[in-house]
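Asks: The region 'Disordered' annotation in Swiss-Prot covers 1-40. According to Swiss-Prot, the GTP binding site annotation covers 43, 44, 45, 46, 47, 48, 49, 50, on the basis of sequence analysis.
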């Protein structure tokens, strides 16, 4: 059992965590209605996860009821960024301080994140979508199916155009791979066509989205994918 700290808005409290459930989370609320779709966003430090979360919220918040859970090891920096830029009202953003390797809190011991998700459902709901952002991690980071229903993995061209070729569970198994900061490709010498080809070899038919969040509607391909997942989720 591992102790860590969970921040709900700004009130910290300690938890003793148990192992993550192996089976997918129940899609139905206690009242029989379908709960919010939960999508996890993972990726290396600096790849643009928080910026992607912010852009998704801006693109979708006028038509969907959204909440966010962020993960940081010792701070609530990502949550503070979202609050500072008025991405969502404060009550729709919860921060988890993992106190350990970021992947532990999203895959091996999800209890703090699961509590945050369930707290949002209970206090802010009904919600359509909850985004769970992992702390920055390496290419092996994946989410437990007991926490999220789908996973987005974010990399960026500044990390090198060989990243898709290197693979790793984040690259190969995520439901959507996002290759971010395409506007920087000419400046860092990254070959977008090579990245696309390598991603295709690693992922087969799983989708890949190229994004530049500095462009108008730069998050559009990701927002469209989320919208399609939500349509399928609510129709199930």
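Cβ from N, Cα, C; glycine included.
These numbers come from a predicted model, not from an experiment.
In terms of burial and nearby residues, how do these features look in this structure?
Replies: In sequence order, 136, 156, 158, 159 make up the list of same-chain residues 6 or more apart from residue 46 (GTP binding site) whose Cβ falls under 8 Å from its Cβ. Following the DSSP three-state reduction, the secondary structure of residue 46 (GTP binding site) is coil.
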Asks: For residue 45 (GTP binding site), which residues in the same chain are close in space, meaning a Cβ under 8 Å from its Cβ, but six or more apart along the sequence?
Replies: 136, 137
Asks: Which ones in the same chain are close to residue 49 (GTP binding site), with CB under 8 Å and 6+ residues apart in sequence?
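Replies: Those within reach of residue 49 (GTP binding site), by Cβ under 8 Å and sequence separation of 6 or more, are 41, 42, 43, 78, 133, 134, 136, 154.
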Asks: Which residues, in sequence order, are found in the same chain with Cβ within 8 Å of the centroid defined by the Cβ atoms of 43, 44, 45, 46, 47, 48, 49, 50 at the GTP site, excluding those residues themselves?
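Replies: Checked against the 8 Å cutoff, the neighbours are 136, 154, 155, 156, 180.
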Asks: Could you check the binding-site residues 43, 44, 48 and say which one's CB has the fewest neighbouring CB atoms inside 10 Å?
Replies: 44
